[in-house]
Amino acid sequence: MASNQDQPWLLENGNLKGLTKENRTGRTAHNMSSSSLRKKSDLTLVSKVPCSLLRQFLTNLQEVMLGTKLSVLFPAIPLAIVAQCFGFARPWVFALSLIGLMPLAERVSFLTEQISFYTGPTVGGLLNATCGNATELIIAIFALAQHKIAVVKYSLLGSILSNLLLVLGTSLFCGGIANIRREQKYDRRQADVNSLMLLLALLCHLLPMLFAFAAGASASVTSDPSLHLSRASSIVMLIAYAAYIVFQLWTHRQLFEAQEDSDDDGVVSDEAPVIGFWSGIVWLIGMTAVIALLSEYVVGTIEEASDSWGLSVSFISIILLPIVGNAAEHAGAIIFAFKNKLDITLGVALGSATQIALFVVPSCVIIAWIMGINMDLNFSAIETGSLALSILAVAFTLQDGTSHYLKGLVLLLCYIIIGACFFVTESPLHHSNIVNVGLKTSNEVVFGA
């Protein structure tokens, strides 16, 4: 247990701030999902260390590095660094970096929750909303820096699709099989809010593509207006996300609170922080730095991995990157579906998809704008169509407030056919405006140009 007596500003009436009953309740679905992969650390040996500073450091090290069931994957991080430094085959660097990102994403969630014990639930919720998809945002920024706009679009689209179809579908299917003789119910209100926000994001993605179709001209004529429309749409999406955060953390907080039961076998109870406030901040910065390093490796080696494995960059970015990068969060959602706690599962899958669609994607457009890079929301027809049909399928699936295994199976089959589509698709890596290229070609065929 971390000592906080040397931090009097974190104490209130002799008790630790953030540990009152009021502040402990209302943990988000993301917190609950991540806690399902944590395990209690045995501090018996560490407690015998005579030096207090060394003992506290070893305690924090054990809690952060060994306090997760994914700790066996941490060796992939130094292996990826060694492979990069000594010039190993690039696909090996790519694979080891992806594996190393898996426990790091879960540990970031753990650290934000630890910090929220001291800051209170509202600030903790804001921190979790900001860092919840840090891995995707960091990978996207490095890809933008290397002008790999297609990789950015593919990876973010893949994260949304994996949350809506793979995670939610697997959860509903497994939960339905495990509770086949019980009716699975959930609160429709949270699903309705997220579906509405996803439809808004879909509109902002559709308009630039529809604008290009309506213009019916070459890419040189439509690129600038489409880019301006994308940037304006991104600002609207960020405003909508800010309103969503206010709705989630203040005005309608009760809709997004995950209910905790006393029979959560195997789930670590987080009634008190296990590391100090400043220790959590330092570890969070360190974890983010390592994520940034591995993300740079992933972006720099994705083309070599594509050539070596015989897989298209679009398939790796849309299918492999989201599955591996969010494996910890996805596993937690499925675990709670087995326990017939679909509100937590929906909070993870829909909440993460909403955050990527309304925050990460428009943030990338704005960041690219600042960097002088022309990134728009004009995805290809296949990508935008896949996103639209996925959102509509999920909205119809969740409209009645009940679930069974067939709903999950249908969502999984949708994900499989979309994955097959991108498996056979060979998209040019540096074409960020593929729709307009297709339009120009079709016009030449029709009019004999």
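For all residues, glycine too, the Cβ spot is worked out from N, Cα and C.
Beyond the transmembrane segment (72-105), the same-chain residues lying 6 or more positions past its ends with a Cβ under 8 Å from any Cβ of the stretch are 65, 134-135, 287, 290-291, 293-295, 297-298, 301-302, 304-305, 308-309, 320-321, 324-329. Under the heading transmembrane segment, TrEMBL lists 72-105 (among others).
According to TrEMBL, the domain 'Sodium/calcium exchanger membrane region' annotation covers 92-250 (among others).
Summarising the annotation, TrEMBL assigns transmembrane segment to 125-144 (among others). Same-chain residues lying 6+ beyond the ends of the transmembrane segment (125-144) with a Cβ under 8 Å from its Cβ atoms: 28, 30-31, 101, 104-105, 108-109, 112-113, 115-116, 119, 151-152, 155-156, 159, 245, 248-249, 284, 288, 291-292, 295-296, 298-300, 321-322, 325-326, 351-352, 355-356, 359-360, 363-364, 367-368, 371, 373, 375.
Feature annotation from TrEMBL assigns transmembrane segment to 156-178 (among others). Under 8 Å from some Cβ of the transmembrane segment (156-178) lie the Cβ atoms of residues 133, 136, 140, 184, 198, 317-319, 321-323, 325-326, 329-330, 333-334, 336-338, 340, 342, 345-346, 348-350, 352-353, 356-357, 360-361, 364, 379, 383, 386-387, 390-391, 393-394, 397, 403-412, 414-415, 418, all in the same chain and six or more residues away from its ends.
With a threshold of 8 Å between CB atoms, the same-chain residues lying at least 6 positions outside the transmembrane segment (198-217) that come near it are 164, 225-226, 229-230, 233-234, 236-237, 240, 350, 353-354, 357-358, 361-362, 376-379, 381, 384, 387-388, 391, 394-395, 433, 435-436, 439, 443. If you look up TrEMBL, you'll see 198-217 (among others) marked as transmembrane segment.
Annotated transmembrane segment per TrEMBL: 229-250 (among others), in sequence order.
The transmembrane segment feature in TrEMBL is assigned to 275-299 (among others).
TrEMBL lists 280-418 (among others) with the feature domain 'Sodium/calcium exchanger membrane region'.
Residues annotated as transmembrane segment in TrEMBL: 311-338 (among others). Long-range Cβ contacts of the transmembrane segment (311-338) within its own chain (Cβ-Cβ under 8 Å, at least 6 residues beyond either end) map to 30, 32-37, 68, 70, 98-99, 101-103, 105-106, 109, 135-136, 139, 150-151, 154-155, 157-159, 161-163, 166-168, 170-172, 174-175, 178, 298, 302-303, 305, 344-345, 348-349, 352, 419, 422-423, 425-427, 429.
Annotation comment: TrEMBL describes 344-370 (among others) as transmembrane segment. Here the transmembrane segment (344-370) has long-range neighbours at 28-30, 32-33, 129, 132-133, 136-137, 140-141, 144, 149, 152, 156, 159-160, 163-164, 167-168, 171-172, 175, 186, 190-191, 194-195, 197-198, 200-202, 204, 230-231, 233-235, 237-238, 240-241, 244, 256, 258, 326, 329-330, 332-334, 336-337, 376-377, 394, 398, meaning same-chain residues at least 6 beyond its ends whose C-beta is under 8 angstroms from one of its own.
The transmembrane segment annotation in TrEMBL covers 377-398 (among others). Sequence-distant neighbours of the transmembrane segment (377-398) (same chain, 6+ residues past either end, Cβ-Cβ under 8 Å): 153-154, 157, 160-161, 164-165, 168, 172, 186, 188, 191, 195, 198-199, 202, 204-209, 211-212, 226, 229-230, 233-234, 346, 350, 361, 365, 407, 410-411, 414, 418, 421-422, 425, 427, 432-436, 438.
Sequence annotations record features per position, and here TrEMBL assigns transmembrane segment to 404-424 (among others).
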### Summary
DSSP puts the residues of the domain 'Sodium/calcium exchanger membrane region' (280-418) at 115 helix, 2 strand, 22 coil
